[in-house]
Amino acid sequence: LSSQPPTCRKFSISALKELTGAGIGGPPRTLVVQQTSLEHPRETWSKKIDFLLSVVGYAVDLGNVWRFPYICYQNGGGAFLLPYLLMAVFGGVPLFYMELALGQFHRSGCISIWRQICPIFKGIGFAICIIALYIAFYYNTIMAWALYYLLSSFNATLPWSTCTNAWNTASCTRYSFTDRNVSWNNASISPAEEGEAGVLQVHLSPGLHQLGPVSWQLALCLLFIFTVVYFSIWKGVKTSGKVVWVTATLPYVVLLVLLVRGATLPGAWRGVVYYLKPDWTKLLTTTIWIDAAAQIFFSLGPGFGVLLAFASYNPFHNNCYKDALVTSSINCLTSFLSGFVIFTVLGYMAEMRNLGVEHVAKDAGPSLLFIIYAEAIANMPAATFFAIIFFLMIIMLGLDSTFAGLEGVITAVLDEFPQVLAKRREWFVLGLICVCYLGALSTLTYGGAFVVKLFEEYATGPAVITVVFLEVIAVSWFYGNHRFCRDVHMMLGFSPSWFWKVCWMAICPCFLLFIIASFLAFPPEVRLFNYLYPTWTTVLGYCIGVSSFICVPSYMLYHLLTTPGTFKQRLLKSITPEAGGAGGPHRDIVVNAV
């Protein structure tokens, strides 16, 4: 303690003996003294609910609304819930719990935390930050699309509900539930499908080889989105923790309103039956297990540095175990609820077109929201109202996930360079937002939707799964499961059960290896609308993915070369936690009393 700054609270030897039980016959105990440096005090959440809402807002994003319902019906409806729950219990939730515990104990972001776990794996933190930047390049563009649709919704007649716009073609077919004289055939194109072309102007780009100019309307929409993001996170979790009271709760209100409206539509029951009707034969295929593993992983979102960052602002003895169970359960239930919201409307559309639900629900991703759902809303009574609240919900779902993703980067960099950036957070956040905006410009072109799809398929998926696999190995096998469980016991007062230990040691690594192997064995055929991505775009996509992961082996080599001593000494030092490494200038001091 004497080596700590004068601002630390000092204890006498007799006081230490009294507190630890040494010298008076008491059992040995571990004393945790929290440093109270006044120079760089670590920010904390104003209230526990701010943290919970931020984690829920991060985990519940656009993928819960469009991806889960599509994956569920594609893999046997109700039968999909069995592998989904198994993958959640044995893979997703243990990883979620592990990251919350790591962040809360070491009180550090995803870069500097590795100094106290296993220094040679520090490249994982840099890789995570690059992946987060790639996500910011395309994810916010989807919100810009939603904002453009939201502004276009303030009309008595929605632009994508008619065939009289400048972008409409002769194939445009407008129909309604009350007009049965309109015939729908394979050549028919809905106004909403052509409306997306009018909004995004995708038809003006032949593909990735010719993206075209930047759309100034979308550029302004994205500028507004990033402005909101900046003023929500520039001061830290004190401000973002208040903003999520709106962005994390409003989507649930809108989902319930849309669910009630969808349930009262003609044909809604057809969609629900198609959504949940179990096809048990699907359980015998590998696809359903691969999709379940990938869905729960990307839904809960470990490996993006966000859970580490959010948990690092918690009190040391906060019950992160309970937090992990509650927030992950809310996330899974939200995905299930979103399925009803989507498929009641798809059943309504199938009824209007006089087609099977499978012919209507054939698209996943943004197309499900901006074409299929937008089209259904356009044919509802009070279409303008439902369009406004729907696109507002999409923006809210995206915003809190963006807050979280960027906070993961900000916390990591500020903890790594506290002397330079601790008092310049606002300027650093402004620079980061500018980088993200410039990086997103290619997604605002006429062919921007093709770029978004490329980033979504290649820039994040395989790279982040591989990074999390290495993270689990580093924590469970190098740092040690016993040591990690001892840390958890120090925080919570109880050790993780054998179930969690087995998951961290064996099941989670196998779970992640299973997903990685499936990506390599069954590379996805990337297609958007009628555009099949050529081979050179696949090479480009893998290069983007490798550009982040390359940080891991590069830092390992750098660390081994710059560490003094023989090779054996370097290797041992590289896998040994540094004394007082993590936590920056405001870390906890741990005294082991013997």
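Using N, Cα and C of the backbone, Cβ positions are placed for all residues, glycine too.
Any TrEMBL annotation is an automated prediction that lacks curation.
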Among Cys129, Cys163, cysteine joined to Cys172 by disulfide in TrEMBL: Cys163
Between Leu397 (Na(+) binding site) and Cys172 (disulfide bond): CA-CA distance (Å): 31
Cβ contacts under 8 Å made by the transmembrane segment (123-151) with residues that lie 6+ beyond its boundaries: 62, 109-114, 199-200, 217-218, 221-222, 224-226, 229, 303-305, 366, 369-370, 374, 387-388, 391-392, 394-395, 398-399, 401-402, 405-406, 408-409, 412-413, 416, 435-436, 439-440, 442-444, 448, 451-452, 455-456, 459-460, 463-464, 467, 470-471, 474, 544, 547-556
Paired segments the transmembrane segment (243-268) and the transmembrane segment (51-69) in contact, 3+ CB pairs under 8 A: yes
Result, the transmembrane segment (427-452) in contact with the transmembrane segment (81-102) (3+ CB pairs under 8 Å): no
Two-stretch contact, the transmembrane segment (370-397) and the transmembrane segment (288-313), at least three Cβ pairs under 8 Å: no
Under 8 Å by Cβ from Gly57 (Na(+) binding site), same chain, sequence gap 6 or more: Val244, Thr247, Ala248, Asp400, Ser401, Phe403, Ala404
Winner by Cβ pairs under 8 Å against the transmembrane segment (214-231), considering only 51-69, 288-313, 325-350, 427-452, 498-519: 427-452
Per-residue Cβ crowding (10 Å cut-off), top of binding-site residues Ser299, Ser401: Ser401
